[in-house]
């Protein structure tokens, strides 16, 4: 039964009462509306003369042959596979959401457990204090008489084993100060432009060693940390020989040698426009040094809140506070002027020690690398662990935040990883050396345009976006002969790179004078 117009099996058949012919309904309706007669017999025809015919659904033409049926089966198979793929994607998304929810639940449980523990400890300490009020008053009066030049005399005395120090906490005024600083820096960052005086990529490609300065002792060689006070080009280094050295680069002279630590100096940072220098040491102490009129740095505070090696110190953007991180698994928040430890924070869920630490450029976030190959992100206001990055297989040796606030670079024995702080994920990994050579240091320059890594050599990369390639600009050899560059820092506008290694020399890499005159 085929349509008298198309010759095909009609999908909606109708029959003419006058001629008895079979038509496709849509075709005969259009013909009658145009011509008003039967397309075959030519007799006058209206829609009243058309009667629908009820039939089963006709089999499509494709099903009338084996190739057609195979084609239909292929289409059905393709549809089934697409549907299966869509379901797998939905399942994967659901699993990720479930994993994230479980992680948040676990983090919340850990925070609650830590808070309960701190509450119980605070109650216990309060009870002890109430029982010892007369003794505390007497001790306070005695200590008050012994304070001079801002030093904390109480910390000069050895505490009894197992005793705990009471910290006042980060007050609301301090938090407001940190938030105001954060708001101001965020506004400045939105208007930030690349400095016109920044060393271009072509200049960095021609960098070579300009000078080498022997700063530390020969019997215990090794520079473990360095920092630069940019306005005056003054460099501070911390050495294995238990000293810190303040070095004036323009004159090539040592300004001051800071002696006081009993073990290696693991971290140094300038503060308060170069008037103060903070040092951390393997002797479990942190020292704050003040520049005097004769150019020497005198010890102003000796802080003994940690019970294991201090691995890192980092100064807040306000230049009023700093943080120390230790292998005892805690970090301390200090008042720079008074040396008061306002808070000592530990992760109640883990006992990993800290190997590195740095403030985020906006100052409300603290990043810390651990011996357990993790990078923990802390909210300074609440002292809560808000995120952690996993992916390294060994202790995190160094971390550095980019000035734009979006990127975090972390170095460990296995590799250097770059993290997107907006999406909390790793977006690039540099595996530079063999398994026997560790990456010791990583550092963004002050403007955030370049990244330098240090291990058996020094490699400089141009900073790009998450999706773009970070191109290698220059590979500088470690000329110390030790094969271990331990610390590095870009100079102002990346005009030079200061490098410390496991010998006693500070090396300066930059553009030779003849190239500077040409440029």
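Using the three backbone atoms N, Cα and C, a Cβ is placed for every residue, glycine included.
Worth saying up front: this structure is predicted, and the values here are computed from it rather than measured.
The feature coiled coil is assigned by TrEMBL to 105-132.
Annotated domain 'U-box' per TrEMBL: 1-70, in sequence order. Across the domain 'U-box' (1-70), DSSP classifies residues as 23 helix, 12 strand, 35 coil.
Same-chain neighbours of the repeat 'WD' (258-290): 220, 222, 224-229, 231-232, 234, 236-246, 297-315, 319, 322, 324, 326, 332, 334, 336, 339, counting only residues six or more beyond its ends whose CB sits under 8 Å from a CB of the stretch. Annotation source TrEMBL lists repeat 'WD' at 258-290 (among others).
Positions annotated as repeat 'WD' by TrEMBL: 303-344 (among others). Here the repeat 'WD' (303-344) has a mean pLDDT of 94 out of 100.
The repeat 'WD' annotation in TrEMBL covers 347-388 (among others). Sorting each residue of the repeat 'WD' (347-388) by its DSSP state yields 0 helix, 23 strand, 19 coil.
Nonlocal intrachain contacts for the repeat 'WD' (389-429), taken as residues 6+ away from its ends with a CB within less than 8 angstroms of a stretch CB, comprise 186, 189, 192, 355-362, 367-375, 377, 435, 438-444, 446-448, 451, 453, 463, 466, 470. Look at TrEMBL and you will find 389-429 (among others) tagged as repeat 'WD'.
Within the chain, the repeat 'WD' (347-388) has long-range Cβ neighbours (under 8 A, six or more residues past its boundaries) at 107, 110-111, 113-114, 117, 170, 175, 178-179, 181-182, 185-186, 189, 308, 311-318, 323-331, 333, 394-403, 405, 408, 410, 412, 419, 421, 424.
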